[in-house]
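See below for the structure under consideration.
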């Protein structure tokens with residue numbers, strides 16, 4: 001039976017609960033325990049799949065096709081444990097489940113209420129898989145006091161009451177603001193946050209104090225006294241140069257020991273933190289630097305491409321090279337010649353996205369990389385833009401475009417070399433889709449197998465002719481243009497097992513030019529960099545040596 005750690009936040013949002021949860025999971029693993037991490041989001045969307053990247057940031061996709069919060073990416077990167085659909089839930093999903101049960105008559109005519117029906121649904125979610133691991137770490141999104149989060153806080157309060165004593169603990173992350181005029185840290189916001197938490201029946205066992213400045217011992221003692229927490233369980237959470245320092249930093253501060261003490265686990269197994277020491281060594285002792293241009297649509301918010309940024313860092317680790325990623329709005333290239341902006345970069349990456357805005361700029365970036373011999377990695381829409389560029393400029397399909405862009409305005413302007421995907425094989429059945437289907441949850445989502453051409457660049461990179469990668473798309477390159485494009489040098493080196501869906505394109509007579517329909521960044525980890533990103537950065541290093 002799993003022990004439960006509930007991670008909550010107070011004072012302000014975006015303090016780093018997800019990273020704290022991921023780091024704690026990594027530390028418990030380092031002591032020999034098995035872990036699973038979960039995220040409970042209070043928003044009323046069923047999932048983040050239809051939310052704007054500017055609202056939510058990246059949508060992280062799991063192997064089984066769940067569209068989830070980017071924190072699940074942190075969980076996977078830090079622990080290596082693949083997330084599942086059952087590791088993410090929102091208020092919208094909970095209420096949807098409750099209302100479906102009411103319509104079916106599952107409640108036998110009872111009046112449906114937040115307590116007990118909504119809270120019971122949340123508790124049922126928490127119980128799934130509790131016999132599989134030693135520790136279940138559950139992060140509650142938002143901050144204590146948010147009206148949307150109240151059912152979740154009530155549910156975890158009840159859940160802890162239902163379990164035997166010592167099976168659940170609460171870790172609360174707050175902010176210690178620094179007042180520069182008086183040169184002091186203020187503890188009152190933390191005290192009020194804990195007071196708010198205690199008022200709804202939850203007493204924190206461990207406090208994490210986010211601070212930019214050193215926390216004096218007397219302030220820790222004061223917080224321990226007023227918040228009724230052991231002084232050893234008052235843990236500093238300082239700002240760090242890199243998120244990958246978090247496991248070592250939290251271990252130095254005693255987080256993992258405080259958690260094990262709260263559970264009464266003694267003597268605690270000693271941690272083996274060698275993998276994290278190696279990660280930091282590779283980051284701190286990089287032997288060079290490469291510049292990578294990310295030509296995207298949502299560049300104002302880097303969280304929109306969080307996994308890509310981290311995967312590039314991992315690729316740098318694999319080559320002991322520092323990666324300086326620079327974000328360029330693709331719309332700029334629709335007005336300007338990309339050459340002055342892209343000169344000096346050692347590689348170009350065009351990530352995924354939706355809609356026509358910025359796509360002509362991405363096409364011009366792909367053309368620049370192809371013509372100048374600059375390493376290019378196109379992901380999802382980035383692959384489609386590379387194909388459209390090749391169709392226009394090499395295969396002489398002058399009006400080549402995507403069916404997505406015509407569908408947006410309701411009239412035909414392009415010859416669609418990229419079309420709306422109407423059916424595909426998933427497991428043992430065929431999935432069918434129409435243009436007027438609901439937007440949410442209707443894309444080709446999750447892990448799918450691809451067959452790679454023997455002798456191709458990607459087969460060499462992967463060391464295999466069969467791979468499995470995660471997808472999130474509803475448009476696909478039309479395989480009917482394969483012959484024309486391959487005749488111009490663009491090889492379809494990866495296909496779905498049935499040969500109908502192009503998964504990878506590459507240019508052989510180019511230092512490094514690869515487009516992939518899937519999202520390799522979602523499977524990259526600091527201690528296991530994704531092979532595509534590792535080789536992409538290797539190619540960038542080669543270019544940097546020629547400059």
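Numbering starts at 1 and runs along the chain as it is shown here.
Yeah, the Cβs are placed from backbone N, Cα and C, and that goes for glycine too.
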Of 282, 470, 474, which one shares the L-glutamine site with 353, 381, 382, 383, 384, 404 in Swiss-Prot? 474
Looking at ATP binding as recorded in Swiss-Prot, which candidate out of 63, 64, 69, 71 goes with 14, 15, 16, 17, 18, 19? 71
When each of the binding-site residues 15, 19, 147, 381, 383 is scored by other CB atoms within 10 A, the minimum falls on 147
Number of Cβ atoms other than its own within 10 Å, given for residue 380 (active site, nucleophile): 21
Cβ-Cβ distance under 8 Å to residue 404 (L-glutamine binding site), same chain, at least six residues away: 354, 355, 356, 418, 420, 475
Cα-proximity to residue 353 (L-glutamine binding site), 10 Å cut-off, over recorded positions 15, 17, 139, 191, 521: none
CA-CA, which of the binding-site residues 13, 139, 187 lies nearest residue 474 (L-glutamine binding site)? 139
